[in-house]
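First comes the structure, then the notes that go with it.
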Amino acid sequence: MAASLAAFPPAHCCSALQLNQRKVPPERIHGCFFTKRPFKQPEFSPSHVTCCSLRSVVTLSESKSQSTNDRDTEVRRLCEMGDLKSAMELLLDSRHSQLEMKTLCSILQLCADLKALPDGAKVHEIISASNILLDALLGLKLVFMYIKCGDLRNGRMVFDVIQKENIFLWNLVMNEYARIGEYNECISLFGQMLESGIEANSHTFSCILKCVAALGSARDGKKIHALVIKMRFDSYNAVENALITCYSKCKNISLAQVVFDKMLDRDVISWNSMIGGYVSNGLPEKGVHLLRQMWFSGVYMDLATLVTVLPACAQMCFLLQGRVLHGYAIKCVRGEEITLNNSLLSMYTKCQDLDSGVKIFSKMKKKSVVTWTAMISGYVEGGQFYKALRLFEVMEEEGVMPDLYAVTTALHACACSGSLEHGKQIHDYIIRNGLELHLFVANALMDMYAKCGSMVDAESVFNNMEEKDLVSWNTMIGGYSKNSLPNEALSLFSQMEDLKPNSVTVACALPACASLSTLEKGREIHGHILRNGLFSDCYVANALVDMYAKCGALVLARLLFDHIQMKDLVSWTVMIAGYGMHGQGRHAILLFNEMRKSGIEPDEVSFIAILYACSHSGLIDEGRRFFHIMRYDSKIEPKLEHYACMVDLLARAGRLTKAYQFIEKMPTQPDSTVWGALLCGCRIHRDVKLAEKVAEHVFELEPENTGYYILLANIYAEAEKWEAVKKLRERIGRQRLRKKPGCSWIELKDKVHVFFSGDRSHQQAKKILSFLERVNVRMKKEGYISNKRYALIDLDDSGKEEVLCGHSERLAIAFGILNLPSRKPIRVSKNLRVCGDCHEVAKFISKMVGREIILRDSNRFHQFIDGRCSCRGFW
DNA sequence: TACGACAGAC
């Protein structure tokens with residue numbers, strides 16, 4: 001594209017914007033607005049050509065017999081009447097006598113009008129066989145016929161061999177290339193045309209600007225703009241309007257606005273183009289504002305105006321304005337019903353007025369695939385996924401072929417409802433109809449599989465894609481992150497070579513860092529965010545604060561939080577939750593109150609965060625107060641998560657009976673998390689009897705979760721009820737359940753070192769165990785008795801000590817102490833809750849070596865400094 | 001012998 005444009009004659013004043021200080025054409029000065037043709041503009045004159053050809057016909061015909069002349073007249077008469085069949089018969093009869101050029105032109109014209117390609121080709125054949133000279137006019141007619149009949153290949157073949165002095169001929173061929181999407185070929189022809197000295201006209205510029213718009217390069221748009229001004233076509237509305245559209249499609253809305261502002265007599269298309277530019281560039285409010293200006297300037301809205309501005313109303317949920325436009329349409333706008341109804345239907349459903357959308361849909365006599373898609377999408381928007389998918393089936397039953405939009409919408413319905421099976425059926429349909437290679441379809445397929453939890457299927461689509469865009473990568477990275485596959489997410493993120501991560505990419509990758517607690521990788525992404533100015537994106541800023549909080553860098557998280565200019569509810573919630581998981585309940589409460597003062601109302605998620613923070617800091621009264629505020633001030637009906645937090649709060653504080661009664665009074669059926677919270681409390685306060693009662697509820701609700709069996713086993717072990725432990729282990733064995741192996745990890749330079757319980761495979765295993773042995777000796781010397789209860793296995797004491805010594809978190813901490821520089825804190829993460837004995841050991845080590853240890857377990861953070869832990873026993 | 005605006009999707 002750039003190469004072909006570089007071949008254009010130089011536009012002497014380089015910048016299109018500078019050039020736009022145009023001269024007023026003389027006809028305007030004289031007050032005549034009817035002719036807008038710039039002076040010196042060579043235009044093709046039909047009358048001139050007719051005269052020439054008539055003259056040549058006369059010369060050619062002089063020697064012909066009277067009968068040929070009659071036949072010519074007859075063929076032309078038949079052509080005028082539209083009787084192609086008879087005209088062709090007569091033409092074939094006259095095979096051996098040459099017909100007049102004018103007659104051949106008439107018949108080709110009729111073939112073009114009737115799109116009769118075989119007849120047209122036959123005429124071409126006769127012309128070739130009769131050795132008639134293919135002059136400019138006959139050549140043009142042939143090209144015209146072929147193109148009108150949709151045979152560009154043959155049209156181009158004729159075009160290549162004939163004289164090309166006629167601008168109409170060039171425009172004809174170029175327009176066809178633009179129509180079928182061969183924009184580069186069209187632009188290349190434009191270059192050839194200028195080189196051969198043919199001057200472009202307004203139609204040429206409309207066509208070229210359309211191609212530049214489709215290719216999306218504002219730079220090329222400016223080059224053409226400069227040429228438009230140089231050749232004085234900047235007073236043509238069609239060209240100016242095409243320029244507005246071109247700049248808007250190239251995402252340079254300010255240049256589009258410059259063109260629009262300088263126009264002297266804007267027509268309805270100029271207004272529509274500018275409104276459409278705003279809407280498609282994500283500026284719907286400007287679009288609606290311009291509509292008002294258009295109205296006050298006295299230009300009447302037409303069908304295209306409504307179809308352009310209704311999506312803007314939809315985007316901004318301007319239902320009232322949408323209704324007003326609907327009323328106007330009924331009264332004043334005539335035109336194709338289907339297009340307008342599609343826009344209205346979409347507007348209503350996007351403005352949450354599904355009923356009005358359904359009403360329009362059911363009243364529509366003629367429906368296109370767009371109509372069906374808009375209605376399916378409306379149901380998805382309204383959360384009625386089943387109806388959406390059923391409508392997709394009905395559409396097929398009615399014989400409407402789904403297109404790209406329809407299948408992506410149906411896939412979206414599957415994604416939102418988690419219907420993997422339905423999604424797979426649509427995938428089959430897509431394959432059967434050869435749509436799977438389309439970028440948007442493949443992206444929608446991956447999104448569907450990711451949201452339905454099948455990353456294996458998503459991967460298979462991703463790996464088979466011929467072309468991938470940023471959305472494809474973001475969908476996969478986000479899919480891995482949300483499906484608890486953070487390693488895969490970060491691995492894919494690091495494979496992005498050709499494409500530059502955008503704000504969505506980093507917002508998808510950061511939760512993976514948060515989940516793995518990989519602070520170094522998170523910092524690296526933070527660097528990318530700063531270098532590319534992505535922090536202003538609220539999603540990015542929130543994900544960054546969350547990442548730092550979850551990687552144990554709470555101070556840094558707060559620092560960044562304070563730097564967010566426009567804090568939204570998520571920003572506050574993330575920070576409150578951060579304080580909560582670090583056991584800083586008081587800070588969480590301060591922030592929660594500050595948020596409300598700033599005018600942001602908490603939602604159910606922020607209440608979970610504050611209740612969690614209270615329970616992890618032992619703030620019972622405060623927790624109860626927030627629960628009350630949520631129900632009675634904020635009028636939010638508590639969900640299971642809120643109840644679980646309240647049970648946790650009461651149980652941790654030792655009010656086990658109260659917690660039990662609280663569960664019994666719940667208006668909804670408690671789930672395993674609610675009972676599980678009480679079970680944890682039973683462990684902390686060593687209530688074996690209640691634990692057994694509670695555990696049965698938990699086992700019934702979630703029989704596959706080994707974590708709860710282990711929890712009860714812990715409770716028995718701590719009470720030294722070894723017989724009960726044995727029975728429970730037998731039960732686990734009978735049910736063929738496997739304990740999730742404990743694992744901890746620590747980052748060192750660019751590598752994450754993973755340790756499993758009893759793991760001796762690490763290359764530094766010897767060094768680590770010897771360090772832990774030294775710790776053990778020191779601890780014993782200082783009167784520490786190892787808390788063998790936590791080993792959970794009924795062995796003799798020395799055996800238990802060995803098992804304790806091999807707990808994964810302990811190995812990771814030892815590895816950190818031995819390898820990290822002394823000023824750096826030791827950051828370890830564990831997939832399960834920290835073992836009680838390891839918790840004691842971590843406290844001891846922090847004092848013994850004078851290092852800060854930050855341990856994140858599956859529940860919260862423990863920050864060990866100088867022999868103390870930030871959790872103060874609330875874990 | 002034509003040109004410019006317009007609905008639904010990840």
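Quick reminder: no glycine exception, Cβ is built from N, Cα and C everywhere.
According to TrEMBL, the domain 'DYW' annotation covers A:783-875. Per-residue pLDDT, averaged along the domain 'DYW' (A:783-875), amounts to 80 for this model.
Annotation comment: TrEMBL describes A:166-200 (among others) as repeat 'PPR'.
Feature annotation from TrEMBL assigns repeat 'PPR' to A:267-301 (among others).
Same-chain neighbours of the repeat 'PPR' (A:368-402): 338, 341-342, 345-346, 348-350, 352, 354, 357-358, 361, 409-410, 412-414, 416-417, 419, 422, 426, 429, 433, counting only residues six or more beyond its ends whose CB sits under 8 Å from a CB of the stretch. The repeat 'PPR' annotation in TrEMBL covers A:368-402 (among others).
If you look at the repeat 'PPR' (A:469-503), the same-chain residues 6 or more away from its ends with a CB under 8 A from one of its CBs are 439, 442-443, 446-447, 449-451, 453, 455, 458-459, 462, 509, 511-513, 515-516, 518, 521, 528, 532, 534, 537, 539-540. The repeat 'PPR' annotation in TrEMBL covers A:469-503 (among others).
Residues or ranges marked as repeat 'PPR' in TrEMBL: A:568-602 (among others). Across the repeat 'PPR' (A:568-602), the DSSP tally of helix, strand and coil residues reads 26 helix, 0 strand, 9 coil.
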- Message: What residues elsewhere in the chain lie close to the repeat 'PPR' (A:267-301), defined as a C-beta under 8 angstroms and at least 6 residues from its ends?
- Response: 237, 240-241, 244-245, 247-249, 251, 253, 256-257, 260, 308-309, 311-313, 315-316, 318, 321, 328, 332-333
- Task: State the non-local partners of the repeat 'PPR' (A:568-602) in its own chain: residues 6+ outside its ends, Cβ under 8 Å from one of its Cβ atoms.
- Result: 538, 541-542, 545-546, 548-550, 552, 554, 557-558, 561, 609-610, 612-614, 616-619, 622, 626, 630, 634, 860-861, 863, 870-872, 874
